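Q: The domain 'EML-like first beta-propeller' feature in TrEMBL is assigned to 27-268, 680-943, 1372-1633. Annotation comment: TrEMBL describes 211-226, 291-315, 365-396, 860-890, 1195-1227, 1710-1741 as repeat 'WD'. As annotated by TrEMBL, domain 'EML-like second beta-propeller' applies to 289-553, 962-1229, 1654-1896. The feature region 'Disordered' is assigned by TrEMBL to 571-594, 1237-1258. Here TrEMBL flags 576-594, 1242-1255 as compositional bias 'Acidic residues'.
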Amino acid sequence: CAFLLSHEYILGFSSNIKYFMSLFFGSLALHPERVLVATGQVGKEPYICVWDSYTVQTVSVLKDVHTHGIACLAFDLDGQRLVSVGLDSKNTVCVWDWRKGKLLSMAPGHTDRIFDISWDLYQPNKLVSCGVKHIKFWSLCGNSLTPKRGVFGKTGDLQTILCLACARDEVTYSGALNGDIYVWKGINLVRTIQGAHAAGIFSMNACEEGFATGGRDGCVRLWDLNFKPITVIDLRETDQGYKGLSVRSVCWRGDHILVGTQDSEIFEIVVHERNKPFLIMQGHCEGELWALAVHPTKPLAMTGSDDRSVRIWSLIDHALIARCNMEEPIRCAAVSTDGIHLALGMKDGSFTVLRVRDMTEVVHIKDRKEAIHELKYSPDGNFLAVGSNDSSVDIYGVVQRYKKVGECIGSLSFITHMDWSSDSKYLQTNDGNGKRLFYRMPGGKEVTNKEELKGIQWASWTCVSGLEVNGIWPKYSDINDINSVDANFIGQVMVTADDYGIVKLFRYPCLRKGAKFKKYLGHSAHVTNVRWSHDHQWVVSIGGADHSVFQWKFVPDRKLKDTLHIAPQESLVDSNSDESDSDQSDVPELDSEIEQETQITYRRQVYKEDLPQLKEQCKEKRKSAASKRRERAPGNSIRLHFVHGYRGYDCRSNLFYTQTGEIVYHVAAVGVVYNRQQNTQRFYLGHDDDILCLAIHPLKDYVATGQVGRDSSIHIWDTETIKPLSVLKGYHQYGVCAVDFSADGKRLASVGIDDNHTIVLWDWKKGEKLSAVRGSKDKIFVVKINPYMSDKLITVGIKHMKFWRRAGGGLIGRKGCIGALGRTDTMMCAVYGWTEEMAFSGTSTGDVCIWRDVFLIKTVKAHDGPVFSMHALEKGFVTGGKDGVVALWDDTFERCLKTYAIKRAALAPGSKGLLLEDNPSIRAISLGHGHILVGTKNGEILEVDKSGPITLLVQGHMEGEVWGLATHPHLPICATVSDDKTLRIWDLSPSHCMLAVRKLKKGGRCCCFSPDGKALAVGLNDGSFLIVNADTLEDLVSFQHRKDVISEIRFSPGAGKYLAVASCDNFVDIYNVMSSKRVGICKGASSYITHMDWDIRGKLLQVNTGAKEQLFFEAPRGKKQTIPSLEVEKIGWASWTSVLGSCCEGIWPIIGEVTDVTASCLTSDSKVLATGDDFGFVKLFRYPAKGKFGKFKRYVAHSTHVTNVRWTYDDSLLVTVGGADTSLMLWTYEMEGHRDSRQCDSEESDLDSEEDGGYDSDVTRENEINYTIKALSTNIRPMFGIKPHLQQKEPTLDERQGVVRPPVSRALPQPEKLQTNNVGKKKRPIEDLILELVFGYRGKDCRNNVHYLNDGADVIYHTASIGILYNVATGSQSFYQEHNDDILCLTVNQHPKFTNIVATGQVGDSADMSATAPSIHVWDAMNKQTLSVLRCYHSKGVCSVSFSATGKLLLSVGLDPEHTITIWKWQEGAKIASRAGHNQRIFVAEFRPDSDTQFVSVGVKHVRFWTLAGRALLSKKGLLSSIEDARMQTMLSVAFGANNLTFTGTISGDVCVWKDHVLIRIVAKAHNGPVFTMYTTLRDGLIVTGGKERPGGIWILLDIFLLLCFVFCLSVRSVCWRGDHILVGTQDSEIFEIVVHERNKPFLIMQGHCEGELWALAVHPTKPLAMTGSDDRSVRLNSDSLLNCIHTDGIHLALGMKDGSFTVLRVVHIKDRKEAIHELKYSPDGNFLAVGSNDSSVDIYGVVQRYKKVGECIGSLSFITHMDWSSDSKYLQTNDGNGKRLFYRMPGKILSCLHVICIQWASWTCVSGLEVNGIWPKYSDINDINSVDANFIGQVMVTADDYGIVKLFRYPCLRKGAKFKKYLGHSAHVTNVRWSHDHQWVVSIGGADHSVFQWKFDAHVILMPHILSELCC
């Protein structure tokens, strides 16, 4: 419980409530310093609060991870980290850096409920959790939480563990459900303290003195540090005890013990007075709490609950003074007017009256069957009204000893509330239908006469229905949402209680709907009842499910001013209601500009980030397009040159001077840096949608801009280099409307335009979110960080002024306290003042509000109309408002020092452009360089000299869409017309200014110059059009024949005799300009007209419509013509702006159904077509653009719709206008060969290239490979039948006769009780296997995975799930064995600080952060210590890893469908950035060796160049256009050179050379086949490449020139260069070392099998040799080898083949079968060879008869899997695919199992049989175990299974569930395992990993009774 004392104030309502309350939390943990407390709650989006128990202030808030609730919390030893467990289905475990609010690690906890979790205080990074039938021991490494399940063994029963505590030496104590204490050592249960408690142990507390436990038996037991009992305290036997007391929490400190019980009590026990516990707190428990009544004359409250107890509380002493238990649950209570009687309504329909004095019963009456829900005594004390759930109210006479005197019938539902009139003559009721009824007392007759009811005065008001309480009901509320009401007639206020846990305070009476209120939080869900105390000093509320009683102090108006020194309540959910303001409230009307701004929607139907998904939905179109050869993109390009416009109409404070005196602002999706001296602009083009806000760094060198977007981003960029420094994403939806830097420049605050206007505080350099909170339902305009304390900030907006303080991952907000100084107003701007407490805000009414802390202390009238902008100076302020005035103020806002009015008359002489109107609304103000910079709503930027003159710098169109655009036929001039009702003429020459402007009566959508340039036609939105003088803009003529918008207007070529005018009512009118008459009408269009073009003769008109029709009309009459498409191409057109037709079919994108091409324009040489579309893209196509989905160049600067594009008369510029972004952009046209690479260069096409540079089988196989996850592996052999250990055994002959014989085998006599495995009994030595050597290297599908370490002394590589360090000098190996599945990639940290640090990535399951998720391990190659484990967000696996230049960052690429790229801080285990890499396979991604922010990824038909900016990954496609006939090939490898050069190896053998992201050269045919690997040595300037040569080889390149070439007949997958040594890894699993000067003598370091599956394994009978054979045909044969077998004399080697034949090397080759030979075995005497095949038979061959077939074993119904000979070579046993075990007498007669009981077997490799029953685990499949081999001498055996595990068992293994040791290293399937001839080694082989493992058999490991860490049950 947490206790608070606080109050909160709300505008327009000056009463307040202080409260002293108890909060309920889901979980609680105490910080080690015992001051801070962490509490976790339940809820849909639960959060954890860490708070100070002295100040009761929030220190940190942790959220956004758990769902449903928080079950457990625990701090670590030093209190820096906090672990939490969620109540979600996975019981997620999270570890937090709670001060930063940062999640460090997360993992699924368990499938069932977790009850407790604790840090091991003696082992850092270790945790223990327990719950339903489990206990888990966790290790934290990097971001990975890895669990190991506790092994119960036979020491204790598997049961639910309720609590735990950690001790020294890896010992953990846990309390079990049965009352036992389990003691764990490591993960093993070593002993049990039985009967520690008589029932479940709910709590365990560790302290310096020892341990305290508390249980359901009501006892507290104290134990010493060795868990030996000290004493027991039975609370049931104490003074306060009672039967059924259950202890739920215990805390031991010194001689004091704190105990919490299930019945909501807290006791403190002093050990030497253990029988006298002190009751600290108590409350109700169980069921629901509904009954509440207050004493009429004393400060007492009575409560009753479903726990059957009635309690009397003192409101002064805050204590329980009486308690009485009843027979039934209590649902309501009432106290008589004299305070003597207490009536209780019961759930069973009865009611009881008690004497308050001694709680004795007066009367008990049961007249009803259903619950009594309401009781009320009459004011005169004579009657008691009893309302029940059976819809009636009974009236009882008090003086007649509660005799029933009346009944009120009329309600149709259960009675909920009642009130008596003051004279006790009337009763009003509410029922469950919300019906209000009136009755005359005491008879109960219903009153319906309204006149009779008018004069009634009510003694109380607790009804929720009625005119007096109309205003308490919120919108959309249910009839039962409000549970209780109580009015304070004297104070004219009332309180309500509702189902949402809220207590509200209203005025009384509350007549009007939408009334204002104050809301108070503390209860959980349902507040069931609320009442005023007798003297109205307090309010008492009760919670239904939380069982809590809250007492609130009422502070009336007159005392409020005295309480202002008390800080307002801090709450994550503000106690001032956002819903309380209504249409009838006293908030002033919004200014028209503000109202217009709040109604702007920034949401798009489709966002640019939706493009990849939309393209993915068009797969069929993509495939068809990729199969056709398309014309390449044009060689020419455009570059953004100048932008007219400034976004002021819906933005503010977005204009600043930079460090160098340039001006930075934004328009559309462009950040503009404007040099006012040179009149030039530079552009930041990183955004792809409207920029809505801008803030400048305190040093004036960096800028932050926020944009519109589904997942909207904030870019921080350098104004000098125009390069992004950081991109912040992931927390704002739809857009970012406000940003601000902190004074130190390290932090950034941002506000989103989502429904909650989320506020986020960032560490922008790290790209890390520090804190976030929901801001407000209404729009927020500005956020400002306190310049003195960067943890504080303010936000202002619609009826919003809020002060925030950071608390960990959250922000705590307090509303501004206005008091009597004003009323709630909309705030438009804000700044901080001269101290950290002072703040100033500008209001929508023109006032400036001055705040100290959160209190308004003064208001100053500053402007006529809203104050839109405010800027703080060192000694004063500058403000700007809607009145167009800039005002300078002193530092206290007491005096206005100077004002500047923005007027045309004040423009300085020589100022460019024209001011549209006087006193424009000012939206932004900034000071610097001796000037005031002003931005207006009209899109103008002005510079005001402090002496007065004003210079106009930038201007553009105002709010509204810009569609009309026309370029002059002879001059660098263009005209635009917009919905802002202005026509403007722009100079396109270097002066870049507006030459003329004219206001129009209506907005316009089109315009056109006459051919001579003297006239300008303008089409308006009302259906009229004008022709004006192009120089003066004066009217020449005007017409109006249409009512709908004029959409296009065109003069005919030549003399311009005709004017075609198109409208949205589907017609084109043709006018004769000379006669000013309409001469023709073009009819026939089925939709509005979009585009028009004349032919060069002026006789034909081409028309496009909204229905995508291409129509032709003869001019001037308008007759419709039908022209074939081939003829259209032959016609000479005066212009081409059409978007339809075969000539421009290719301009329509693949997602053409979603977006429209809005405009096009053809260059005068008819070679390049420019288009604009609805996505804001400007594109260039080759003309004609025939065929679908043409290739293009694409440019982003406009935000959404590019409404028009036009080339200038000489094609030197392309002019474009954006619809809603109001901008006019000028693009320079650059010819091919004269283009340098710039940011605005775009990707060349939406589609992948159809050319892939050839085909290679290895690349195709690698691209399509499907990796098997070990945990989900399927059986490598299809088998069916009954598991061997479940097969029904036939009784033997002896069993039938009752004879018991000892078992006979070749093994040594079985020791007594060998199979018991009872812990604690003496054990014989247990053997162990130690990995000694591994043959194999994974080269088939990996690359760059062989590296030198220690200056070439060691080699690091991997195979299966093992990382291997090979010492070149000694040939020895050491192993990293922490992976649990196939390693796919490996890299070495090259930074000297991180010597010998290796990163390896493995395959895995889905990215759910569980143990089977893909992971990256970072480890020290020398000591094999794991430094970090990164649980990945990649699904399927990690295919590439790379360290950055400093070694601190790690790059990883996933095998998921999006091939996600992730950047990690591997030492912290923190994910820095992540983004989808490509929809096609990425083979390699590598950091540049000199960078921490730049890397390159290559893959199927793509190469991308990436930049890490903060926490965002920005990418550019490689551009090919600068190389003739260049094509995008599949890229397989990457390397780097100096001067930002990048080299990529292709599938065709070429090496591509890139400068930045532009292809500058191709080294053709560097290899004859794919270039699989490249290695960079920047120090030497060398690039080493390796490929699949025909024959294969390695090249060494210096600056792209060939230095050396080594040729081999192999495929190279990895190269590494060190000095004059080259390390080479091949696809065939070989590793060579080459000395350059001895290049023809490569040294073979390692080799292994490759391709197919590895099954064949045999060991030599007399020598330490093992033979293997594989599908790679590596046993020097031309057919597939499956299995080998060695003759008993070691001379012959037999090989079983996949084609059904077998070969004895250099002896014989025989093929008697058609299906694969799966097993061969020589008889012990060497005379026979048994050959088992997949066609279910075993053939017997005579060895001395030169392998003549001498017998055949028939009887199996499935393929043969295993065979064993008897010691005398007379018998053979077999297993088959059904799991059946059969016996044969040689040469092939089948035997019954009754005849083989005494046979001794020479070997045991069968998986079925009594002797191996125990090797089969529960739930295993019949084919899970692939191989077995028994060591009869050592009485052990090894098994190999489909899960990659080698297991060591006792032999024989008779009992099910036998213990074993398991050894990992192989990937999924271990296909075979064998003992060496002398039993010193075990050899195992992996089917898919192609590796051969050699294990050393160690028989000297002793199993101690308490150590079972490797044994599994």
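Positions of Cβ are set from backbone N, Cα and C atoms, glycine also.
Caution: TrEMBL annotation is automatic and unverified by curators.
The shown structure was predicted, so the numbers you read here are calculated from the model rather than taken from an experiment.
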Q: Relative to the domain 'EML-like first beta-propeller' (1372-1633), which of 680-943, 962-1229, 1654-1896 accounts for the most Cβ pairs at distances under 8 Å?
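A: Top-ranked stretch among 680-943, 962-1229, 1654-1896: 680-943.
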Q: So, taking each listed stretch (289-553, 680-943, 962-1229, 1654-1896) in turn and counting its Cβ pairs to the domain 'EML-like first beta-propeller' (27-268) that are under 8 angstroms, which one gives the highest count?
A: 680-943
Q: Report, as numbers and ranges, which residues of the same chain sit near the repeat 'WD' (1195-1227): CB under 8 Å and 6 or more residues beyond its ends.
A: 604, 638-645, 647, 649, 667-670, 683, 685, 687-691, 708, 939, 956-972, 974, 976, 978, 980, 986, 988, 992, 1158-1165, 1170-1180, 1240-1242
Q: Counting only residues 6+ away from its ends, which parts of the chain sit with a Cβ under 8 Å from the repeat 'WD' (860-890)?
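A: Distant Cβ neighbours of the repeat 'WD' (860-890) are 591, 593-594, 652-653, 826, 828-833, 840-848, 850, 896-903, 918-927, 932, 934, 936, 944.
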Q: Within the repeat 'WD' (860-890), how many residues are helix, strand or coil going by DSSP?
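A: Each residue of the repeat 'WD' (860-890) counted once, the result is 0 helix, 20 strand, 11 coil.
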Q: Below 8 angstroms Cβ to Cβ, which residues of this chain, lying six or more residues outside the repeat 'WD' (365-396), approach it?
A: 290, 331-338, 341, 343-353, 402-409, 411-424, 427, 429, 431, 439, 441-444, 459-460
Q: Mean pLDDT, the domain 'EML-like first beta-propeller' (1372-1633)?
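A: The predicted confidence over the domain 'EML-like first beta-propeller' (1372-1633), as a mean pLDDT, is 86.
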